[in-house]
Amino acid sequence: MGAAALGALPWALLLLLGPLLPGQGLQANITRVSEENTGGITAAPPATAQEVHPLNKQRHNHSTDGHSKPRKAFPVLGIDYSHVRIPFEISLWILLACLMKMGFHVMSSVSKVVPESCLLIVVGLLVGGLIKAVGEKPPILKSDIFFLFLLPPIILDAGYFLPLRQFTENLGTILIFAVVGTLWNAFFLGGLMYAVCQIGGSGLNHIGLLANLLFGSIISAVDPVAVLAVFEEIHINELLHILVFGESLLNDAVTVVLYHLFEEFAYFEQVTIIDIILGFLSFFAVSLGGVFVGVIYGLIAAFTSRFTSNIRVIEPLFVFLYSYMAYLSAELFHLSGIMALIASGVVMRPYVEANISHKSHTTIKYFLKMWSSVSETLIFIFLGVSTVAGQHYWNWTFVISTLLFCLIARVLGVLVLTWFINKFRIVKLTPKDQFIIAYGGLRGAIAFSLCYLLDYEHFNMRDMFLTAIITVIFFTVFVQGMTI
């Protein structure tokens, strides 16, 4: 028995390896030999050609369909734009943004008179008009793309390189302008716009109080992207820059709370005192929750950077990923993503810079500057394109009232709050400083994107809101930005 088993072993191995061998006759021979050596026990029937070679079966079925692929003049060459459309168009937009930015700084005579943001909006208007002229539909700056991809690098660049000493020294003043000033602007503007809507004959009687307060919360916040774009060009002093820019960063929490609060209240049949109290408490949850998320990710990034001494090449990636994860985690729970980004950047920077190499620090610096600059350029270009592409509903009463009340609310808020703040400041804010702070309250793409998020079925006045917001953005960026 042992000799017979040893004699059958090579044939058994060949039987197992048969399907891997190229020939068919060998498998048939193996089957016959195995029949003889196993005393009449027949093995499985030999595999057919189609079973051994599935590709042959596939080719056979394809040829019998009657829908053979058409022959081309060159078997390899062809045009398949749909395959590369999305990355190709994204690359074209980024290339356009870079070329416009480069051309703007080459023409020094233009850059001395017109801010870069104004020129980029004009380029967007021209590109949008050209796309529409050839019969295509221009793209609109969608809110998801803005909040998830374009805004984070700008805020991260500002938060990571935030002048911490000037910021902490003026934190009280910044918080008063960001919290009290934004609340004042939202309720003052919303209340006056509701009064305008109640005037007979204006065609605005269907817009209720909550809708006007929602509109006021959207348009009242100072935009950090617009402030950065204008203030960095005029080289304003550090105090005014940190006051206005700090306000534009920290008022995000107030804007997020008011926006979601009034949006939810608009669906309620009746708003109770408990709803108002919970809405007031949600401000602390949104702001402090965003800071907490940012601090956690910042500490994790600082701890991780201790173990990267042998893999220096991935050090910058940890900074970007942890910061972006902080932003996304905050947005997941409707917390303030901007506050999370700022907190993570402020917390991680001193520890990360002590642990990473000099080359990694240079990479982080220049990559953030490049990323934020391209995002900022794309935002202003797409603001112009979206103006051409979007649906607008022009109402003279509503648009002019919005623009006028925005200016009045900003001036009154700054004057009253500065009078109170100067009682406690060692370095007083002069009338010239107050004018710059009031005049520098620029609006931008955040207001546009928040309004674009509104449900059109429930807020049928969204097109009119968008038209008024675009008018205010253009006025603040062009008129105030060019004359400041």
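Every residue gets a Cβ built from N, Cα and C, even glycine.
Caution: TrEMBL annotation is automatic and unverified by curators.
Annotated signal peptide per TrEMBL: 1-27, in sequence order.
Outside the transmembrane segment (90-107) by six or more residues, the chain places 116, 119-120, 123, 127, 373-374, 377-378, 381 with a CB less than 8 A from a CB of the stretch. What TrEMBL records for 90-107 (among others) is transmembrane segment.
The feature domain 'Cation/H+ exchanger transmembrane' is assigned by TrEMBL to 95-484.
For 114-133 (among others), the entry in TrEMBL reads transmembrane segment.
Same-chain residues lying 6 or more positions outside the transmembrane segment (145-162) and placing a CB less than 8 Å from one of its CB atoms are 224-225, 228, 245, 249, 319-320, 323-324, 327-328, 331, 337-338, 341-346, 348-349, 364-365, 368-369, 371-372, 375-376, 378-379, 445-446, 449. For 145-162 (among others), the entry in TrEMBL reads transmembrane segment.
Annotation comment: TrEMBL describes 174-195 (among others) as transmembrane segment.
Within the chain, the transmembrane segment (207-230) has long-range Cβ neighbours (under 8 A, six or more residues past its boundaries) at 115-117, 151, 154-155, 158, 182, 185-191, 193-194, 197, 244-245, 247-249, 251-252, 254-255, 258-259, 261-263, 265-266, 271, 338, 376, 379-380, 402, 406, 409, 440-447, 450-451, 454, 459, 461, 465, 468-469, 472-473, 476-477, 481, 484. Under the heading transmembrane segment, TrEMBL lists 207-230 (among others).
Same-chain neighbours of the transmembrane segment (242-262): 155, 158-159, 163, 166-167, 170-171, 173-175, 177-179, 181-183, 186, 210, 213-214, 217-218, 220-224, 227-228, 231, 279, 282-283, 286-287, 290, 334-339, 342, 436-437, 440-441, 446, 450, counting only residues six or more beyond its ends whose CB sits under 8 Å from a CB of the stretch. The transmembrane segment annotation in TrEMBL covers 242-262 (among others).
Within the chain carrying the transmembrane segment (274-299), a Cβ under 8 angstroms from the stretch's Cβ atoms is held by residues 253-254, 256-257, 260-261, 265, 268, 322-323, 325-326, 329-330, 333-348, all 6 or more beyond its ends. Taken from TrEMBL, the feature transmembrane segment covers 274-299 (among others).
According to TrEMBL, the transmembrane segment annotation covers 311-327 (among others). If one looks beyond the transmembrane segment (311-327) by at least 6 residues along the same chain, the residues whose Cβ comes under 8 Å of a Cβ in the stretch are 152, 155-156, 160, 293-294, 296-298, 300-301, 304-305, 337-338, 340-341, 343-345, 348, 352, 356-357, 359-360, 363-364, 367.
Taken from TrEMBL, the feature transmembrane segment applies to 373-394 (among others).
Tertiary proximity for the transmembrane segment (400-422) is limited to same-chain residues at least six positions away from its ends with a CB under 8 Å from its CB atoms, namely 172-173, 176-177, 180-181, 184-185, 188-189, 192-193, 196, 215, 219-220, 428-429, 433-434, 437-438, 441, 443, 468, 471-472, 475. The transmembrane segment annotation in TrEMBL covers 400-422 (among others).
What TrEMBL records for 434-453 (among others) is transmembrane segment.
The transmembrane segment annotation in TrEMBL covers 465-483 (among others).
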Cβ contacts under 8 Å made by the transmembrane segment (373-394) with residues that lie 6+ beyond its boundaries: 93-94, 96-98, 100-101, 116-117, 120-129, 131-132, 137-141, 146, 149-151, 153-154, 225, 228-229, 444-445, 448, 461, 463-464, 466-467, 470, 473
Counting only residues at least 6 beyond its ends, the same-chain positions whose CB falls under 8 A of a CB in the transmembrane segment (114-133) are 96-97, 100-101, 104, 226, 229-230, 233, 377, 380-389, 474, 477-478, 481-482
